[in-house]
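Undergrad: Below is the structure I would like to discuss, written out as structure tokens.
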Amino acid sequence: MGPPGSGKGTISTRIVKDFNLKHLSSGDLLRSQILNKTTAGQLAKDYIDHGKLVPDNVMVDLILNELQNMKSHSWLLDGFPRTVTQAGALLKKEPIDLVVNLNVPFEVIIDRIKGRWTHAPSGRIYHTEFNPPKVQGKDDVTGEDLIQRDDDKPETVRKRLETYQNNTQPVLQYFRDHGLLEEFAGRYSNEIWPKVHSFLSTKTEPLQYTHYGE
């Protein structure tokens, strides 16, 4: 778990690779179910098309059905559970060893995202700090103006983070009360990852030991 822009995708990929877990993303699963027009997918699509959140029971059924196919594997859930109801339903059916929460300061996330600029026609993305255009405000290929998507504007990002925090705090507290939550703080993925790797190595054997400097 972790707020949007906290590096969840990066850390998830590294966990799956180093600890040989199956990765299950609720977003990817929803998209594939909708694409394949399954019963659950069609049900979820009806809610999404009307601008509503997919109800807890639909999401729980989707995830639990998928986990049945992973019985012989250890797995990593990404993007689920998002509510205490979902968390409770999951714990009833599946044993969980650990919940990893990435604790990245909101100001760091806002700074990171507000540096993104996009060339709308091509979808090319630049970043003022990490991947700046050759000419400020212009696309490298066409020379056309870059725009900042509404999603990347600081006020939008802050609102999204606050919504996430309000919705997620009860879920984190639920897992904390069950003694399952482990939190890792830092500003960047490369700062957080060694801590996550070291801790997970005490729980399960990594495919390879990676030596990190202090």
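Including glycine, each Cβ sits where the backbone N, Cα and C put it.
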Undergrad: Looking at 25-54, 55-84, which stretch does TrEMBL describe as region 'NMPbind'?
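TA: That would be 25-54, per the region 'NMPbind' entry in TrEMBL.
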Undergrad: I'd like to confirm something. Which of the binding-site residues, Gly5, Gly9, Tyr126, has a Cα closest to the Cα of Arg149 (AMP binding site)?
TA: Tyr126
Undergrad: Please identify, from the binding-site residues Gly5, Gly7, Gly9, the residue with the sparsest Cβ neighbourhood, meaning fewest other Cβ atoms within 10 angstroms.
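TA: Ranked by other Cβ atoms within 10 Å, the binding-site residues Gly5, Gly7, Gly9 bottom out at Gly9.
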Undergrad: Calculate the distance in Å between the alpha carbons (Cα) of Arg116 (GTP binding site) and Lys52 (AMP binding site), and round it to a whole number.
TA: 28
